[in-house]
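Feature annotations, reproduced from TrEMBL:
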- Cys7-Cys121: disulfide bond (DISULFID)
- Cys123-Cys170: disulfide bond (DISULFID)
- Cys128-Cys133: disulfide bond (DISULFID)
- Cys141-Cys162: disulfide bond (DISULFID)
- 1-121: domain 'NTR' (DOMAIN)
Amino acid sequence: HPQQHICHSALVIRAKISSEKVVPASADPADTEKMLRYEIKQIKMFKGFEKVKDVQYIYTPFDSSLCGVKLEANSQKQYLLTGQVLSDGKVFIHLCNYIEPWEDLSLVQRESLNHHYHLNCGCQITTCYTVPCIISAPNECLWTDWLLERKLYGYQAQHYVCMKHVDGTCSWYRGHLPLRKEFVDIIQP
């Protein structure tokens with residue numbers, strides 16, 4: 001679920017891809033592995049402030065067989081990118097990260113990036129593949145997109161957030177979500 005991706009990623013940004021370049025994976029001349037380095041124009045950072053300030057490059061394996069990600073460079077297309085920050089400060093993305101064209105995100109997803117996803121990382125989202133599906137903890141939400149629609153990012157992923165209640169339990173909420181007063185000023189997606 002997008003919420004899980006946001007919670008488990010070190011970095012979440014909205015960006016345009018300026019260019020791409022094939023570079024060596026390391027400074028070691030014996031290492032023949034290649035990386036794809038995307039130069040990006042960061043539009044907004046949603047998560048990762050404490051690790052990096054302004055991201056100029058993101059790296060991905062050169063081969064899709066190694067989970068490398070192919071992005072469109074030199075276009076007007078904007079992406080939501082989630083990834084990890086390596087010990088050397090490089091931002092690294094691969095196919096298991098949540099990477100979506102910005103225009104494909106629903107309004108609920110865009111709004112949730114600012115606050116709702118982060119605030120509810122204490123909730124567990126469990127994917128339901130076959131019936132019966134059971135909840136094993138009170139802070140769990142069942143994600144049924146695959147079961148009902150046979151696709152991973154279906155209606156529930158686009159329009160629902162697993163939210164924590166005061167008593168510690170979690171359940172699905174459909175956007176537009178009621179905003180807490182302290183977030184009214186940062187609603188702009």
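Using N, Cα and C of the backbone, Cβ positions are placed for all residues, glycine too.
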Within the domain 'NTR' (1-121), residues counted as helix, strand or coil by DSSP: 25 helix, 46 strand, 50 coil
Pairwise CA distance, Cys162 (disulfide bond) versus Cys170 (disulfide bond), rounded so that it is a whole Å: 6
Distance, Cys141 (disulfide bond) to Cys170 (disulfide bond) (CA atoms, angstrom): 6
Candidate nearest Cys121 (disulfide bond) in space, where candidates are the disulfide-bonded residues Cys128, Cys133, Cys141 and distance is Cα-Cα: Cys141
For Cys123 (disulfide bond), the number of other Cβ atoms found within 10 Å of its own Cβ: 25
Tertiary neighbours of Cys141 (disulfide bond) (same chain, Cβ under 8 Å, six or more apart): Cys123, Gln124, Ile125, Thr126, Cys162, Cys170, Ser171, Trp172
C-beta crowding around Cys162 (disulfide bond), within 10 angstroms: 26
C-alpha spacing of Cys7 (disulfide bond) relative to Cys133 (disulfide bond), in angstrom: 23
